[in-house]
């Protein structure tokens, strides 16, 4: 027998009361986005489960993809069949025969939501357990902690049989907690921050600052590849490329070296906030970790935050660098993040950046800039690209090969 579908059990959605179906429908849409590279797949949801019909597709890559999607509590590859006692008996016998080894213990666990079915749960447990003993007389039944728990569900539309339960990612479906703008540089920290924001249901749009010719096409492709990795957790993500060359040159030419980073980050924050307002976001997300670098001291954060009243979420703010690296490796962004392309935060980095910048000094040094004009030109020049889970080719790898 081949698996018919993957049955997805919902996570925290059980706590969402009247909004439950809105959350479930969002999860369904996210699953469809994540599984877009598998065109034969179909997805449908009800109040208790989401059903991913395989339609001949190999189940293993589907399971690997679904394990990462936020909002999924657990999933099981299942056999779907008609609600017929003879068919159930044959299926249970075939499955247990294929799993059998010496000393194997098992139990049948039946759940019947279709109360019009001819047998109740206890009768089905007895009948199907007896059918297993007919073909495997040496097998042992064990009610507590058996090697195999064969789950049989009798639902209104069909019967389902499964024996594996695979842990999902948990969290909330992406998009159920509103929209935020993720400031993604291309380093290690910001993709991890994005991952953690996605886990709590935030629909992120990625804001990436590019300063050609100082930053290369490889840096842009790297940021897009990082964004693509994040799509595995909840579906398509809008990638917003911001032209930043003019602003960085202005800062380099007019500002004291010690304040280059502070003023650069203040402009980035202004632009991100303007994009957020334009695209109806609610928060800004970044990868700042307290005390990790000069721009991430409390004094620096205060001076940079002063340009906006928008809430700023810093998911990794209390994490050590090694903790962030471990998480980046776990979510498969680390190897991309360490690829050798400079970003806007490093190209003009001063040797001795100010670790305790004063807000008054930052505002004084900005008096020589046309702040509104610079921000407006940057926002009007943005390029928005939808990033999907499907990988056509790996542009960053190609660029690295060309450099070597």
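Just so you know, glycine gets a Cβ as well, placed from its N, Cα and C.
The ATP site recorded in Swiss-Prot includes 183, 184, 208, 209, 265, 287, and the single candidate from 278, 296 that the record places there is 296. Non-local contacts of residue 296 (ATP binding site) by the CB criterion (under 8 A, 6+ apart in sequence, same chain) comprise 288, 289, 290. Among the residues the record lists as binding ATP, namely 183, 184, 208, 209, 265, 287, 296, the two farthest apart have Cα atoms separated by 19 Å.
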